[in-house]
Amino acid sequence: MSLSGIITALVTPFDRDGAFDRDAWIRLLDMQLAGGVQGVVIAGSTGEAATLTDAEYDEMLCSAVVRVGGRVPVLAGTGLSGTAKTISQTKRAADNGAGYALVVTPPYIRPNQGGLKAHYLAVAEQGGLPVVLYNVPSRTGCDLLPETVADLAGHPNIVGIKEACASRERVQALLALRRPGFAVFSGDDSSAARSMLDGADGLVSVASNVLPSAYRHLCDLARAGERGAIDLWNARLSDFHAFCGLDSNPIPIKALLQRIGIGYGLRLPLLPLSVCHHDIADHLADQVAALEALSSRKIVTA
């Protein structure tokens, strides 16, 4: 199953006591599928993977694979600070039924480009899953440069990249080096339409947790080259783009989800959305149903 279009980086819903909320998880998955998403990421940074136990990781992934039932690709976040641990986590994801591993650059370690290349080649060769590279320097402290991606993209088990840098030049550099079978995804909601108009294959989105149909529509417009319609639709979503940047991800998006009845909070060291932002959260939550209803009538088959 190939990767393209809108993929949601799912949150992990917790209950009032901070435990994994399986019922809310299933409802979130169902909402994504009904909204037309073309893939889901389990236990990535948006999913607070660093706070999950092994048992929770297994339960989330297994239940998602069963619920999705092969309708869309399931990507598992498996990137950890060490290469051996990342390989082990990737094997764990494979055992739980994931179709792909989304592997972030090793956080905190700050390897050089040679180290990053060796790391990803080891995971691709030993992890047991097709690998999607994930570059998010603002979180990890290291930057996977396009020339390193060019070297890695030739490996048959490295099938794409999620690039969270919003720089147009960065995305264009990645597009210039890609080969058939290697997908380039934006990891930035606000600039994704522009990236897709330039040739990117899709978006791995945070805001689509609450607006799956709306972001599917955005991606459909971009893939169809509808520049005028994209500008209008992006304007409708601009407040959501801005809101998701008010605090560390996934604090804002989980505040919106809580307001529509999915989950109750985060795990330390993350704290709930500041009270000073509650009014805007309430305002945006009130818009969700109308935006989803409007965009669900506009989804086209890709």
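In case you wondered, yes, glycine gets a Cβ from its N, Cα and C as well.
The site 'Part of a proton relay during catalysis' annotation in Swiss-Prot covers Ser45, Tyr108. The pyruvate binding site annotation in Swiss-Prot covers Thr46, Val204. Among the features that Swiss-Prot reports, active site, proton donor/acceptor is placed at Tyr134, with the record citing sequence analysis. According to Swiss-Prot, the feature active site, schiff-base intermediate with substrate maps to Lys162.
Here the features listed in Swiss-Prot are placed on the structure.
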residue	record	DSSP class
Ser45	site 'Part of a proton relay during catalysis'	coil
Tyr108	site 'Part of a proton relay during catalysis'	coil
Tyr134	active site, proton donor/acceptor	strand
Lys162	active site, schiff-base intermediate with substrate	strand
Val204	pyruvate binding site	strand
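Between Tyr108 (site 'Part of a proton relay during catalysis') and Thr46 (pyruvate binding site), the C-alpha separation comes to 18 Å.
In this structure the C-alpha atoms belonging to Ser45 (site 'Part of a proton relay during catalysis') and the residue listed as 'active site, proton donor/acceptor' are separated by 11 Å. Distance noted between the C-alpha atoms of Val204 (pyruvate binding site) and Lys162 (active site, schiff-base intermediate with substrate) is 7 Å.
Distance noted between the C-alpha atoms of Lys162 (active site, schiff-base intermediate with substrate) and Thr46 (pyruvate binding site) is 14 Å. In this structure the alpha carbons, written CA, of the residue listed as 'active site, proton donor/acceptor' and Thr46 (pyruvate binding site) are 13 Å apart. The Cβ neighbour count for Thr46 (pyruvate binding site), using a 10 Å radius and every protein chain shown, is 22.
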